[in-house]
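Copied over from Swiss-Prot, here are the features:
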type	residues	note
TRANSMEM	19-39	transmembrane segment
TRANSMEM	59-79	transmembrane segment
TRANSMEM	93-113	transmembrane segment
TRANSMEM	120-140	transmembrane segment
TRANSMEM	181-201	transmembrane segment
TRANSMEM	209-229	transmembrane segment
TRANSMEM	243-263	transmembrane segment
């Protein structure tokens, strides 16, 4: 077996198996796995912060309802030139095509509503969800691998991703191997997960919002770099949308941490948890 630093990644295809008209796809299975594992992690973390695990389970339903449709809507809007001609594909989420920034926005809105209804701190919930979110992102990126999508520029590095001719951009139709950006981001996200869990357990009295803000900064730094390698970025004119949003995420995260620790003030919040 070749070591990882000399690895050629080749997708076996997007489908796990097919029975008649029923198709089980890797993308859907990975999303489901990310939700289940993330839920279990957040439930476990909640026991350290005097939050009922059942409240986290209830929150998870809200997050799924808010995040997944918004993730798809975000993607479709920035690919409207294509989807306006293929309206029947707008809802085919199992084929791929969701945007994590849309999921984050939808999830935050759902969590804000939930926190007001439950009368708990929004930022306390955000701190419990952030490690699960980045874990889910690390898992979900492998869906891009199986779909042969979200890859980088052509490369001849020892580690590379083979892309079938039908999935290659026209500009690179004669190139077979590309940067495995799915792997870069998955590994980066796992490192961010380690940072967040270390903060959670080493600094149990950290101010509310700290872990989520650190997530915003660290994830966005990685995405800012990795997005520059990709060939299929969502664009708005000459701008890569994900890089613009990542810069905003870094800025908001740094401002929030400055507010908490340099100005020594609390973040605006819903009703504080007891």
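Including glycine, each Cβ sits where the backbone N, Cα and C put it.
Two recorded stretches are said to be in contact when at least 3 C-beta pairs lie under 8 angstroms, sequence spacing 6 or more; the transmembrane segment (93-113) and the transmembrane segment (209-229) fall short of this definition. Long-range neighbours of the transmembrane segment (19-39) within the same chain, counting only residues 6 or more positions beyond its ends whose Cβ lies under 8 Å from a Cβ of the stretch, are 56-57, 60, 64, 68, 94-96, 129, 132-133, 135-137, 139-140, 142-143, 146-147.
Residues 31, 35, 38-39, 42, 90-91, 93, 97-107, 109-111, 113-114, 125, 129, 234-236, 241 of the same chain sit 6 or more residues outside the transmembrane segment (59-79) yet have a Cβ under 8 Å from a Cβ within it.
Non-local neighbours of the transmembrane segment (209-229) in the same chain are 123, 126-127, 129-131, 133-134, 137, 152-153, 179, 181, 184-185, 188-189, 192, 195-196, 199-200, 203, 240, 242-243, 245-247, 249-250, 252-254, 256-257, 260, 267, 269; each lies 6+ residues outside the stretch with a CB under 8 Å from one of its CB atoms.
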